[in-house]
Amino acid sequence: MSRDAGRLSLILLFMPFVLWIGLLIILPQLGIGYYSLREKVGFNQFEFGLKNYVDFIGEPVYRNTLLRTAWMSILVTILALIAGFPVAYYIAKIAKERSRAALFLMCLIPLWVSDLVRAYGWIVLLRETGVISTALVKMGIIGQPVEMLYNDITVVMGLVYTVILFMIVPLVSTLQGMDDALLEAGYNLGGSRLTVFRRIIVPYAMPGIVSGCIITFMLTAGSYLTPILLGGKNSSWFTEQIYNQFITRYNWESGSAFGVSLLVFTSFVVWAGLRLTGQSLATTVAKD
Amino acid sequence: MYDLSCASVTKSFGSFTAVRDVSLDIPSGSFFSILGPSGCGKTTLMRMIAGFETPTSGDIAIKGQSVVTLPPNKRNVKMVFQHLALFPMMTVGENIAYGLRCRKEPKSEIAPKVARVLDRVGLPGSQDKRIDQLSGGQKQRIAIARCMVLEPDVLLLDEPLGALDLKLREHMKIELKQLQHQFETTFLYITHDQSEALVMSDNVAVMNAGRFEQIGPPKALYDAPASGFVAGFVGDSNVLPGRLAEVKGDEARVEVEGGGTVIGRVADASKPGDAVEVFLRPEALRIGAGGEGTSLSGTVESFLFNGASSRILVRSGAHLIEVADPEQSGAAAQGGAVSVAWTAEKARIFARRPS
C-alpha cells in the first residue's frame, strides 16, 4: 500500500473517534466553560468574569453538596473494590475455563436493563410497602412497615450495585494476565496467604485496581438517576444541583460553572488519590 | 542421610495415574535429574515435593522428616519455575529479599545477604535493576539466587533452560553445574532434554508413563540401559525391529524385519520368539566389512555434517542407519555401496516397545 493510501485509511479509521471526542466531548465542554465565565448583568446582556464561581464557592450548600458527593463516591469506590476484587479473582483465577464466560456474562446481564428500571427495582424492594418490608412484617420480625428508601445507606448500596461491573472488568483482565507460577513462587519462597496477597496479587493487579477505581469514582460522582431515585430529597447529590440550575432555574451560566467545578474537583480527587497511593497513570493504566 | 527421599509415591487424578509407585533417595549435595518425555509425570512429582500437590499414597521426606502434611510455604524446598516466575513488579533486590522478609529476618541482615548471593551468582550490584532489564541468562541466575539465599535443603528446577536459545542453554548447563558445586546444595532437576540431564547430573532417573524405568549415573544409563525405553530415550540409537530367533550363551540371533539377521546381546528378559528391537548406537558402528550377523550392507544415502558429531546415513533395505563419522574421513562416497559393522556386545536387544 502506498504512503498516501495508508494515511487515508488511518484518517478514515480515526474519524469516528475524532468526531466523537471533538463534537460530543470537547466542543460541549468548551461551550460549558464559555458559559460559565459569562456574568448576567441585564436582560440578554453578559460580561466575562468569575462571578458564577465566586457565587458557587460563597454558598455553603453548593460547596458541601460537592464535598458530600465526593466523599460518598470515594466510599462507593472503596466498597466496589472490596466487593469486586474477590469476584474478579474468582472469575480470573479460580473458575474453570468453561464457567468463566458464564460468570462474566452473569456480571454483564444487569447492564441489559436500563439504569432507570434497575433503580425502580430497588424501589419495589425497599419502599415502605415494598417486598422486603412487607415480608418482614408478615414474618413478625418487625411490628410495622419500615421505609428503607431515602437514606445514605440505600444510595451507597444502589450505587455500588450500579458501578461494580466497571470495577470487575479491568480487574479480571489484569488478573487473567497473572501467571499462576507467581503465586506458587510466592508460597514456595515462604510467603503466607496474606503475604502472597499483599505483596504479589495486589501489586500485580494495581493497574486494574487504579483504572477500576477511576472509572467507578467518575461514574459515581457523575451519576444522576440512582441517587435521585433511591435518595430522594435527602440525597443532595451534586448532579441534582446542576440539573436544578439548568432546568428548574434556567440559569445556564451558573449550571455551567457547577459542571466545570465537578469536573475539576473529581479530577483533583483522582490526582490526589494517585499521589496518596504512590501510583501514576503511566505505570498503571497506561501500562502495556 | 538423604536430603530427599520419596517412598512409593503415587498420584492419581481421577482414574488417571500420573505418578505410579515412585521411590528415590537423593544423597546430600548431589545433582539429581529426572528425565522423561512430556506428560510422563515428572512435573507432578516435583509439584508433590514442593507441596503444590498431595500424593495419593506414599511418603516424601526431606532430611529424614516427612513433609507430606506440611504446606508449601513451610517446606525448606525451593523451586526454580519453568518460566522462572520472577516477580515483575519488584526489583532484583526485592525479588531476592522476598523470602527473607517472609521469614521475618531483621532488615539489617537482609541487605548483606542479598548482596552476597548476587555476588555468588556473578551479578554483583544489580539490586536496583528491574526484572525486564535482565537478559535470559541473568534472569535464570536471579531465579536461582532468590532460592539459594534461603539456604534450602533441596533446590527443585523445573526445566528452567527450556525457554533459552540453544547457545545460552549450552552455556547455562555448565553454569548450573558450577553453581551447584559452589552452593553444595542438593539439586533436583527435571527435564525432557537428555543432554541436559547427562551433562549436569550425578544421577539420573529416567521416567516414563508415571514410573521410573532406571536410576543411575549418566554413563550407566548410556552404556547399560535397562529397557528399550531408556536405550531409545537416552542418547541416539538405530533401532531395528525383529523377532528373537535363538539365544546361545551370550549371543542372540534376531531376524530383522525386512530380511537379514543380527547378532547381539539380550539386555532384558526377552525369550526366543518374542518381538524385539535391536539398538545400535551410531558411534558403535563403523564403515567396513564385518562378520555374519554383525554387519549390514547398504548404500550411502547422505552425509550429515555436524562437526564432531557428524553422521553418515546408510540405507540398508527398509532401514536408515546413522553411523558416527567424527573425522569425516571420506571413507565412503554418496551412493556408494558400503558395509556397516559392529561388535556383537554393542548390539542390545530389548523387548519391543509398545508403539
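Every residue gets a Cβ built from N, Cα and C, even glycine.
TrEMBL does not curate its annotations; it predicts them automatically.
Sequence annotations record features per position, and here TrEMBL assigns transmembrane segment to A:12-37 (among others).
Annotation comment: TrEMBL describes A:66-273 as domain 'ABC transmembrane type-1'.
Per TrEMBL, the feature transmembrane segment maps to A:70-91 (among others).
According to TrEMBL, the transmembrane segment annotation covers A:103-123 (among others).
According to TrEMBL, the feature transmembrane segment maps to A:153-172 (among others). Counting only same-chain residues 6+ beyond the ends of the transmembrane segment (A:153-172), those with a CB under 8 A from a CB of the stretch are 72-73, 75-77, 79-81, 83-85, 87-89, 91-92, 104, 107-108, 110-111, 115, 118-119, 122, 126, 205, 207-209, 211-213, 215-216, 219-220, 223, 226-227, 230-231, 235, 237.
Taken from TrEMBL, the feature transmembrane segment applies to A:201-225 (among others).
The transmembrane segment feature in TrEMBL is assigned to A:256-274 (among others).
For the transmembrane segment (A:12-37), same-chain residues at least 6 beyond its ends with a Cβ under 8 Å from one of its own Cβ atoms are 48-50, 52-53, 252-253, 255-257, 259-260, 263.
Only residues 6 or more beyond the boundaries of the transmembrane segment (A:103-123), in the same chain, are considered here, and those with a CB under 8 A from a CB of the stretch are 87, 90-91, 95, 130, 149, 154, 158, 161-162, 165, 168-169, 172, 225-226, 229-230. Long-range contacts of the transmembrane segment (A:201-225) within the same chain: residues 69-70, 72-74, 76-77, 80-81, 84-85, 88-89, 115-116, 119, 159, 162-164, 166-175, 178, 182-183, 237-240, 243, 262, 266, 269-270, 273-274, 277, 279, 281, 283-285, 287, each at least 6 residues beyond the stretch ends and with a Cβ under 8 Å from a Cβ of the stretch.
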